[in-house]
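Structure first, commentary second.
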Amino acid sequence: MKMIYRPIFLMFFFFFKCVHLEVTFIAERLPIQGNRPDPGSPWPMPKYWNKDAKVKTFIPGNIRLTQNRECDVTQEAFNRFVHRLQKVGGLESSTDDSTCFVQTEVSLQELKVVINDQLCPEYPQLGDSEKYELNITDTITIKASQVWGAVWGLETLGQLTYMVDGKWFVNQTFISDEPRFSHRGLHLDTARHFYSVDIIKLNLDVMAMHKLNVFHWHIVDAQSFPYSSRRYPELAQKGAYSPGHIYSQSDVQDIINFARLRGIRVLPEFDTPGHAQSWGKSHPELLTTCYDGDTPERSVYGKHSEKEIMDPTKNSTFDFLRNFFDEIKDVFKDNFLHMGMDEVHYMCWESSPIIQEFLKDHGIPAGQYSGLETYYSNRLLDIIRPMNKRVVIWEDPVNHGAQIRNDTLIQVWKKKDSPPGTDTWAVHLQDAVRRGFQVIFSSCWYLNYISYGQDWKDYYTCDPYHINATQQELSQILGGEVCLWSEYIDETNLLSLVWPRASSVAERLWSVQSLNDTDDATFRLDQHRCRMLRHGIPAKPILPGYCRDDYNTDNTLLKTCRTASVRASQETSTTTKNPNRASQETSTTTKNPNAGSQMTSKLFATMIVYSVLRFHFI
């Protein structure tokens, strides 16, 4: 009988080898590794966190806020903290939730916020202090240099709390925390699909929960121009999908102010010279006329359309852009403007005899379109610099050899094929920092790519410091962004695609580099995902299992809350002495860590039953 196995093995071996078979496990072999977190474990993990077994109780609506500096930012952050806990407790519409608790149990009644800065800043900016200390003893104290640190301290405080039998608990705690990187962003494309102001605000709320502090708003692209310009209203009137798919000036200010109260910068991107067809809906003179042989304005399938790419041969193109960005610098409050400049395909320029003549007149060698890209890029950047804005661009002009000034911030996004045959982002990141640029990193964190299972681990383990670089070059990495392009994404699937996958990037950008154990992170992220569900965010699952009342489909919590005061006098001592009872219930699987070993002899059968075979034929 043993002789039968050899040909079967060889058959499977050559079959797997020839068709490049890939096995993806759907169900993991138990037990899942990693330490189970205590209730109230924060995400992202603070830099220093010390807690003990002493437990404090509190009533969210009865906590008093005292500030040494009055500021609407901290007041609003405190209001969000209270509102979220009341909502989880089933008391969203109540201003007095004291009926849920026995007053004699309450040990926390005051939250002190101490800000060193004398000012209540208008808007967050790159380089602002985000450091804070959180101390929970007989009172809750948050200390910060600027209000943004206090905002993050309040976000952390909300995550430290947990409910047991209708009562809120938090462990006695000391946290000293600050971000690893100062730029921690989320990029959203609102041109391929339009997102309502409400869904953008909801996403900003979740960003704040993760201490992500930059909303990179890729507001227009080739497909649509939804920004309503004061100076050129026709851009949106003719370039948007419809009148209902436009961001008015009041919409834009609403989003900027909403983000400010959450410590989030709004970084606008208006991408040129490529991705510019929507500009041409109202101003076709801005675009280069493409040729099919000697025939102008004729598309060639697979190469170019009738008109595309900003026309760099006309002074009027730059006059228009100067006027447009003179408006943008005042509308958007951030110190940076993102000018795009990615994916400039040269085929339209190559087809144009007007472009060929322009190259000759300006001493640019024939066929050297990177020289034309350099000309366009630097001329536009020279327009922006007197506006007291720093410029961000995608890495493409640098890849093409364009001579860009080093005060430009480069966003590295490519992952492969440059140089040909490589499949790594390190080449691109190393090249940018070695040329002296400050950079934002995004290569590993494109969430619109289709993937399945625990793909968050790939995002979590990707670290921009994993390159061959000096300490000086590493210091030029200001942070990173998770990116979402919207060709196949709209409001129906936005939040579930972003969260909790973006959560892993948020921790990578905030927490210390040594925090990289995906086994331990798994259960803490799963707890955090349940936290998001309780706040109404449809974050997709990362493990089999469930969250208590995953989608708030019943009123169990509310009924528990209303009856808590009746039972509490009988349960006070046991509840207070054992506040972590819920964690004991959720971690019972750890009592028999070797339970899964009984399945070892059935591993091959498990592979067949619980796998998806994907065949990539040669």
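From the backbone N, Cα and C atoms, a Cβ is placed for every residue, glycine too.
TrEMBL labels come from automatic prediction, so no person has curated them.
Between Cys120 and the candidates Cys71, Cys100, TrEMBL records a disulfide bond only with Cys71. The DSSP breakdown of the domain 'Beta-hexosaminidase eukaryotic type N-terminal' (42-160) into helical (H, G, I), extended (E, B) and coil residues amounts to 40 helix, 32 strand, 47 coil. Rounded to a whole number, the distance between the Cα atoms of Cys120 (disulfide bond) and Glu343 (active site, proton donor) is 41 Å. The Cβ of Cys120 (disulfide bond) lies under 8 Å from the Cβ of Arg69, Glu70, Cys71, Asp72, Val73, Val147, each of these being in the same chain and 6 or more residues away along the sequence. Distance from the CA of Cys348 (disulfide bond) to the CA of Cys530 (disulfide bond) is 50 Å.
Summary: among the disulfide-bonded residues (Cys71, Cys348, Cys530, Cys547), the fewest other C-beta atoms within 10 A of the C-beta are counted at Cys547.
Put simply, Cys290 (disulfide bond) is 56 Å from Cys547 (disulfide bond) when counted between their Cα atoms.
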